[in-house]
């Protein structure tokens with residue numbers, strides 16, 4: 001009996017890459033591959049890449065250099081594939097820079113992996129970055145029950161890909177293509193299958209998810225709000241989320257869904273990028289700061305317990321001190337529970353990359369640090385406001401200590417619970433007793449509170465809140 005071939009997949013970047021990595025693994029499982037967590041023992045390594053910032057792309061080449069050295073030292077014949085947005089953007093250039101790569105495959109061709117691998121194994125240098133007309137989702141197999149259970153009780157479902165917004169800093173329209181929405185029936189089939197396999201929480205994902213306009217089973221075009229209303233009726237589905245959204249597509253129906261659907265979590269990730277109207281216009285965001293404030297006000301009226309997350313770019317070409325102060329002002333006024341902040345990174349082929357007024361790196365670094373301090377304080381204040389409150393926590397995985405389980409709050413916070421009277425996949429009502437820099441701790445709502453000295457998070461080391469260049 002032959003040993004099964006081993007597959008190692010490493011995902012960089014967004015949730016959609018995680019979803020795509022799972023689907024690639026499901027596809028290759030049919031070819032006899034089993035996943036491993038050790039690239040050294042893999043017969044095939046896939047790097048599923050992100051191209052949104054220069055540092056993210058360069059991480060891929062660093063990883064390829066490490067894999068090349070590993071192959072040479074071990075004398076192995078491991079095949080190496082580069083997938084994702086770097087593959088789409090750079091194509092054959094990847095093989096020129098890193099000859100160790102056997103296969104380059106773009107996001108729309110994952111269903112062709114078995115035949116592409118066969119070509120690569122036969123000695124061909126394979127690059128497939130086409131945007132085929134057929135729906136790749138029609139050709140990707142569903143995960144097995146065992147695969148779904150191994151990934152935990154929370155799952156992603158892609159409902160939309162691509163973006164038509166063409167923000168001047170962004171490569172997504174070029175690497176993922178135009179906006180395409182999946183048919184409602186296919187989405188519902190996938191969601192129902194996941195719930196049947198034990199999933200309790202589904203996050204609907206897309207590059208611009210709230211632009212969803214899928215063909216409904218009744219012959220009409222469905223919005224994201226209507227899709228979620230339908231999905232919320234699935235027996236056994238406890239939670240719904242969606243990401244990533246664009247302010248231009250936050251309509252009243254979607255806001256009302258947060259009011260009307262108890263399964264829809266009171267947490268919204270809504271990237272604003274800048275608090276300056278001048279910079280927002282230069283970014284081609286097609287909304288202003290007052291538009292953003294109006295959305296937040298409506299959202300909080302519809303769902304008073306709503307918490308917000310966002311993305312920010314500092315040092316966009318032409319950003320003045322006044323523009324940056326406008327961003328700080330927006331952060332103070334909104335009060336974010338979490339946020340991601342980045343230095344502007346010029347991406348080849350985007351309009352902003354050719355802008356004359358590039359901001360010096362040292363200025364970008366100073367502004368990022370200042371913004372990060374403010375966002376960190378905002379996050380800490382929100383986390384502290386959760387102390388003493390009671391939430392339903394979805395238990396997702398074991399903790400580091402015996403008897404611990406770790407779950408997620410409605411606000412995506414990691415919550416540690418000692419010896420819970422529940423199992424992974426259960427929703428447990430928990431009272432938050434302690435707040436650490438990276439997680440919360442709690443006890444079952446009917447239990448007594450532990451002392452601070454017993455807290456599993458009280459001594460945790462702090463880390464910056466997603467302060468990134470990549």
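Keep in mind that glycine also has a Cβ here, set from the backbone N, Cα and C atoms.
Looking at 407-438, 439-470, the stretch flagged in Swiss-Prot as region 'Disordered' turns out to be 439-470.
Of all the binding-site residues listed here (14, 85, 167), the one with the fewest other CB atoms within 10 A of its own CB is 14. Summarised by DSSP class, the composition of the domain 'MTTase N-terminal' (5-122) is 65 helix, 25 strand, 28 coil. Taking CA atoms as the reference points, residue 170 ([4Fe-4S] cluster 2 binding site) and residue 50 ([4Fe-4S] cluster 1 binding site) are 12 Å apart. Remark: secondary structure over the domain 'TRAM' (384-446) totals 2 helix, 33 strand, 28 coil, with classes taken from DSSP. Excluding 163, 167, 170, which define the [4Fe-4S] cluster 2 site, the same chain contributes 165, 166, 169, 171, 172, 173, 207 within 8 Å (Cβ to the Cβ centroid), listed in sequence order. Counted within 10 Å of its Cβ, the other Cβ atoms near residue 163 ([4Fe-4S] cluster 2 binding site) come to 23, all protein chains included. Other than the site residues 14, 50, 85, same-chain residues with C-beta atoms no more than 8 angstroms from the centre of those residues' C-beta atoms, the [4Fe-4S] cluster 1 site, are 12, 13, 16, 17, 49, 51, 52, 56, 84, 175.
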